[in-house]
Amino acid sequence: MMKKIDVKILDPRVGQQFPLPTYATSGSAGLDLRACLDEAVALAPGATTLIPTGLAIHVADPSLAAVILPRSGLGHKHGIVLGNLVGLIDSDYQGQLMVSVWNRGQDSFTIEPGERIAQMVFVPVVQAEFNLVDDFDATDRGEGGFGHSGRK
């Protein structure tokens, strides 16, 4: 059975002036989030700001969470990434989705009303249960890390 996520539209422009989030293709994992702005916002190099999406979600199911991720084109072409790098939306959060954007580029960038600024993906959640142990069963890799397995 497919799970449903409750989405509350906080701004009447969403679904009218600005499209609802949709999956671009049948294979898309992420929904595009749009800037729900009254007017364009100029983001100077090095600056951060919070951009409203006009949406609130309540995932409700503790086996799911949502993550907000940058859009690859904005980051690669313009240096616009998320100010917190990744946004995590816990299942019990019920507030508006705000996107922290950071201009890590060298030029000012203008975010227009309705512009796609980030994407949201729903992911399964597994909570760890900690068990205190004296050691682990031996593996070939052991404690090797940070380049231990080589480049090829």
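Even glycines carry a Cβ here, placed using N, Cα and C.
Residues within less than 8 Å, Cβ to Cβ, of Arg71 (substrate binding site) and separated from it by at least 6 positions along the same chain comprise Asp32, Arg116, Ile117, Ala118, Gln119. According to Swiss-Prot, the feature substrate binding site maps to Arg71, Ser72, Gly73, Asn84, Leu88, Ile89, Asp90, Met98.
Of all residue pairs in the substrate-binding list (Arg71, Ser72, Gly73, Asn84, Leu88, Ile89, Asp90, Met98), the one with the greatest Cα separation is 26 Å apart. The candidate set comprises the binding-site residues Ser72, Asn84. Of these, Asn84 has the most other Cβ atoms within 10 Å. Candidate binding-site residues: Ile89, Met98. Fewest other C-beta atoms within 10 angstroms, Met98.
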